[in-house]
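The feature active site, proton acceptor is assigned by Swiss-Prot to 292, with similarity to another entry given as support. Per Swiss-Prot, [4Fe-4S] cluster 1 binding site is recorded for 35, 39, 42. For 41, 84, 140, 152, the entry in Swiss-Prot reads S-adenosyl-L-methionine binding site, with the evidence type similarity to another entry. Residues or ranges marked as [4Fe-4S] cluster 2 binding site by Swiss-Prot: 270, 276, 291, 344. What Swiss-Prot lists as [4Fe-4S] cluster 3 binding site is 331, 334, 340, 357. The domain 'Radical SAM core' feature in Swiss-Prot is assigned to 18-249; the stated evidence is sequence analysis.
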């Protein structure tokens, strides 16, 4: 009689999982939309999506097949856990996941884990797990206490600022690497410098600013983000980061990724890649989708147990939303196309234009100013580093600070 458990322990595949010819990631939502907060702008509200927790059998199937389907030669495999609030899955869930990763990881391949949380449930036990296994934590936070408590209350409408800061303090105490993620909406546009200063005062070394997605609860609550306000806010962050000479101390992902993309011609973000579709999303029941912000029938790829992952990735990258994102007419002559690439398809309006286009143009135009004299290759990168990195030159370069925000 076939001993399934023994085969798994020996890493003998139950069925051949073909490798994907292209690199891909799957953002895993083990608890679906379940969350202990009631953010007013949530793009993934619980009342629109059934709440389930991934069972152990599907967790094992996902980890085994996700590892097996990576392209030949992959040296690192990253698992990304998100929600809702993924910590609601429980400590034991992630211990099982880590054990399965160790069981199925081939020799010489590094397994890494990233997790996005609101921070309010973090305790010492979680931090010990994160530290021991090298988790990279993303912590979602508003720019200050007043914004946090209004826009990100708990289920009873109560303040969450102190609980989130307690989570940040614990991450510091346990020396867990983390970044702070801020969702930007119109109300924040005039307060970029103050928000930046407050985040840095919390000891954050990595910051990421994400434009509001006009979907889910955000639509019902009337949240908006205009192109003007997106550009105004991000230029404000850029100016404050430069004014404080924080390069090397504070890593603003929006800036650093664009700078790297200018020289390397590749993006670390699907939003600013020439094509997208290789960052899939999986719900607790095994449903796969082509994009975290396009959870609908048009972008549904089927269930995990209905197909190979290579087939799902191939179907995803062939969808028009990812193939055509940087091919719109207005992008072809744009001076910042090399780092924008049309932005996220989820921000397209009814006319097929990116609602944030003008904001991206303003922000990228400003931050690319110090790079323009250098060639877009490794030699240019070396020359730019020699001229700017490790000096105060980028703090005082002739940028348009006299132009009002």
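Glycine too: its Cβ is placed from the backbone N, Cα and C atoms.
Given the structure is predicted, the values throughout are model-derived calculations rather than measurements.
Comparing C-alpha positions, residue 331 ([4Fe-4S] cluster 3 binding site) sits nearest to 344 among the recorded positions 35, 140, 291, 292, 344. Distances between the Cα of residue 84 (S-adenosyl-L-methionine binding site) and those of the recorded positions 35, 292, 340, 344, 357 are shortest for 35. Between residue 35 ([4Fe-4S] cluster 1 binding site) and residue 140 (S-adenosyl-L-methionine binding site), the C-alpha separation comes to 13 Å. Same-chain neighbours of the S-adenosyl-L-methionine site beyond 41, 84, 140, 152, judged by a C-beta within 8 angstroms of the site's C-beta center, are, in sequence order, 35, 37, 39, 42, 118, 183. Cβ neighbour count for residue 340 ([4Fe-4S] cluster 3 binding site): 23 (other Cβ atoms within 10 Å of its Cβ, all protein chains included).
Other Cβ atoms within 10 Å of the Cβ of residue 276 ([4Fe-4S] cluster 2 binding site) number 25 in total over all chains. Counting Cβ atoms from all protein chains shown, residue 270 ([4Fe-4S] cluster 2 binding site) has 19 others lying within 10 Å of its own Cβ.
Packing around residue 291 ([4Fe-4S] cluster 2 binding site) is summarised by its Cβ count: 22 other Cβ atoms lie within 10 angstroms of its Cβ, all protein chains included.
Each residue in 271, 273, 277, 279, 292, 293, 321, 322, 325, 345, 346 lies on the same chain as 270, 276, 291, 344 and has a C-beta within 8 Å of the C-beta centroid of that [4Fe-4S] cluster 2 site, without being one of the site residues.
Taking the Cβ of residue 84 (S-adenosyl-L-methionine binding site) as centre and 10 Å as the limit, one finds 26 other Cβ atoms among all the protein chains shown.
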